[in-house]
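Participant: Here it is: the structure, laid out below.
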Amino acid sequence: MDPVISVRDLWKVFGPNASQLVASDELKALSRQELMDRTGSVAAVRGVDFDVAPGEMFVVMGLSGSGKSTLVRCLTRLVEPTAGTIMFEGENILEADPKRLRDLRRNKFSMVFQHFGLLPHRTVADNVGYGLEIRGVPRAKRAERSQEVIDLVGLSGNEKSYPDQLSGGMQQRVGLARALAGDPDVLFFDEPFSALDPLIRRDMQSEVIRLHREVGKTMVFITHDLSEALKLGDRILIMRDGKVVQVGTGDELVGAPADDYVRDFVRDVPKSHVLTLKWIMRPPRPDDDLDGPELSPETVVREAVRSVLGADKPVKVVRDGELLGVVADEEILGVVAGEA
Amino acid sequence: MVAVAAPRQLPRKPLIFAGIVLAWLVLWLVFRNVGTLALGAADLTPLHRWVNDVNDAVGASRNSNPVFLYFFNEIRLVIDEFVTFIQALIAQPSFGRPVPVIGWLGVVAIAGFVSLAVAGWRVALLAVAGFVFLGLQGLWQESMDTLSLTLAAVVISLLIGIPLGIWAGLSDRAHRILTPVLDFMQTMPTFVYLAPLTLFFLIGPASATIATLIYAAPPAIRITAHAIRTVPRTTVEASESLGATQKQTLVKVLLPSARKTIVLGINQTIMAALSMVTIAALIDAPGLGKTVVKALQTLDVGTAFNAGLAIVVLAIVLDRVTTAAASERRTLPRWALFGGLGVTGVCVYLSYTYLWAAEFQSDVEIGSAIRKGATAVTEWAQDSLPVITDGFKDFVTIVLINPLQALLAESPWFLVALVIVALSFMIGGVRPAIVSAVCIAALIATGLWQDSMITLASTLVATILVMLLGIVVGVWMGRSRRADRFIRPILDAAQVMPAFVYLVPFLALFSASRFTAIIAAVVFAAPVAIKIIADGIRAVSPATVEASTALGSSSWQTIVKVQLPMARGALTLAANQGLIYVLSMVVVGGLVGAGALGYDVVAGFSQGQLYGKGLAAGVAIVVLGVMLDRLTQAAAKRWTN
Ligand SMILES: Nc1ncnc2c1ncn2[C@@H]1O[C@H](COP(=O)(O)OP(=O)(O)OP(=O)(O)O)[C@@H](O)[C@H]1O
Ligand SMILES: [Mg+2]
């Protein structure tokens, strides 16, 4: 399937003469700090490539200052990229004129912000309907659609409240509803739950997972929290100092970290929750008894513990009838013990 | 880290300061009354005569010169028309009628209804009571004249100010261009641009309105720009991310989010306009201010007090209504809206048709009672309190004013110039020294050197008193939340009052003298200084104060060694603002015996042959202002880095 979003060699440099900077291979090769010292400019995003598939939940994660917000703002041109291409459904966004850009923002993508960005002088319903109002949707239709999404995000009964009368979690639901109201193809989230306390955050994460399942939209989700990334992401992109360090599924990052930076990152992840059998299986040895139970390579370790430890023979890892490897007690214990 | 850096360079400085002052004293003894550049009250310099000639020439060519015909006269006409129109509606007999179009009942009803709609029923009640009180004082027409002029100036100010403010809020470049212009407009001593304006727009409502405009528009511009700039970035971004056009974001996001703050700006504009409109009585603007000026000139404290009270009442009503409008989301129930509209309509109709509802005639006239009461209190105070009032007055006069004035005004000009330049250099370095030198040259050029020095002496004394008051009350407020809660509303109220009304009670207590003008200026300037210092003290990190207490400092030690030094920035800012406020009272002080520049300006308005001198005095006040402002700012920079 063709990707919805396809980003190639994307650069964003803040500061004077940004476009000349990215034209010079010598300057591009410098580290962020060196570039800062030499030219006084900040390279927030440096040569980023990635694709997002339709319906995917794509997570971008990195520490504070790594350039995540800048990256996601480049995708909607809230920040003007310095160089590169961003293809959206086959169209290069960087070539869109202001009118086309507005059309895209009105119909194709929308964004949820860390600090909500609600309009304090409008009720919940009017906040949710704001995007439609801007497009010129008539009032009655607006009200109907707003009500739909308000119900969808579980805010029914609060339509007439003002943002400052709501808790943080509820305010972000308004932000979510506002983004959903225009029925966009892609939703961007910039650390939407960082300002919420942990319990509410967990609720909201489940909410997003539910919405993703129900409405099936493509989502690009920014976070600095690895457990959030692992919980939500189909695939995860790890950024450091504006560069991509690794892109992959959760178990790929944990099972095969690209470098020490990523390894450090995922060190404290409970591996049994993330790794699947394919990461821990070994080739069968001659002395193995090969008539034990079978499991798929996609089975998460945690869920295989009981079967493996309960069986007195190694468990066979099988895909489409083909034997890929075996897992015995010591492999399982190696993972579980490593977490203690 | 700041606290450590300062003492290293300090020890030498006080010695040099002391040396300079000592040398000055010695030379003063030697050269006393030599080269003081004195100028008699009725004497003129060639410059003053030349300005008079220009004034006459301008007067003669007013109706022939194209610049006047097609520019200044047009502006004057339009503004005059506008003011006259509002006056015709509520203040002056018009359209061949013996009374204005809308009589007192109608005006009271409109005031009540508008207040009800924007500020709720409590404030509406206050507005109605306030307006009726104005009538009872026997000052209905004067009050309406003042209100008309204020409204005219406010409308024009907002028509200019809000678009400019929006522009400066949206564009960084506009912001960069406008900020220094506004800074300059606001550091200008308030009342000095009256004179040059009369040159172009004649004496009367047009000049008064334009002067008011200059004074009242900057807050509207500044606050609107600030309000737009402080709308959270994410909110704007959210709107853009949904595909809003710039105009949609402005109209649907920025302006509504900034609404409350913009209304606060309107509040400031209205209060500034009221203050200036009353002062503009000096150039023949009609209204309450004129009543006060006339009464001050004849030392009729009773009448001045009654009219001053009316200004206060007007100020309170206007302030309450606009403040309440800024503070809440309010929607009037439909029945109240239409009911109120109906009642107001009926009242307006009645006041249009019947004399009793048009002209305020009352059997319970309380104005004369107030006048008599105030006069009686004044006489009593002057008869029975002289020990206290005169004692205080003489003490300050002898200990502070006289020595300083003698030193400044009786030294040869070159000596004072040398001392000022040397001090400027020590405070700020080369640039302030050059600025001071240029300012001194300008003062000499105005021909009013000695008057300038006398005014400078009064200004310094007033500023010293302001700072003393500011430090004592400010530290108290900064350290005690209760004191702050109690005093702050009083200061807020005091700041809202037009400068004028401060003169009246002090005139009653101290009669006309330099001292009275100084005290009025101190009272006018103190609230700003106190607030700045209180905020500065409060901003000192509590952890530092706690650490000092934990080391066993007494309260006094904590104040002197921790809080005041750390609030240095606030102290210099307070001194700077205090100076500017004090200077802006110089002209007003001229009405109650301040003499020197203040008197020159006031006399220039009333006597044709002193016009040029008055104008020069206005320039001298501005020059003093620029010099002192630059100096205090340089000091602030030096001490806070
Ligand atoms: N408008 C700007 N002007 C100059 N520099 C900027 C601007 N916006 C971001 N930067 C810089 O770009 C870098 C990346 O910032 P960005 O906000 O994208 O990081 P982030 O990963 O979102 O961090 P956080 O987790 O704190 O939100 C930072 O060094 C930041 O200082
Ligand atoms: Mg960010």
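FYI, residue positions are counted from 1 along the chain as it appears here.
Glycine is treated like the rest: Cβ placed from N, Cα and C.
Residues or ranges marked as transmembrane segment by TrEMBL: B:15-31, B:146-170, B:190-216, B:262-283, B:303-323, B:335-355, B:433-450, B:456-478, B:490-509, B:515-534, B:578-598, B:610-628 (among others). What TrEMBL lists as domain 'ABC transmembrane type-1' is B:143-322, B:452-632.
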Participant: Do we see three or more Cβ pairs under 8 Å linking the transmembrane segment (B:610-628) and the transmembrane segment (B:190-216), pairs being at least 6 apart in sequence?
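Facilitator: With 3 or more qualifying Cβ pairs, these stretches touch.
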Participant: Tell me if the transmembrane segment (B:490-509) touches the transmembrane segment (B:578-598). I count contact as 3 or more CB pairs below 8 A, with pairs 6 or more residues apart.
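Facilitator: They do touch: at least three Cβ pairs between the two stretches lie under 8 Å.
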Participant: Excluding the flanking five residues on each side, which residues at least 6 beyond the ends of the transmembrane segment (B:490-509) place their CB within less than 8 Å of a CB in that stretch?
Facilitator: 190, 271, 274-276, 278-279, 289, 292, 296, 299, 301, 304-305, 308-309, 311-312, 315-316, 319, 374, 377-378, 381-382, 385, 389, 516-517, 519-520, 523-524, 526-528, 530-531, 584-585, 588-589, 591-592
Participant: If we skip the immediate neighbours and take only residues 6+ beyond the ends of the transmembrane segment (B:335-355), which ones have a Cβ under 8 Å from one of its Cβ atoms?
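Facilitator: Residues 99, 101-110, 112-113, 116-117 contact the transmembrane segment (B:335-355) from elsewhere in the chain.
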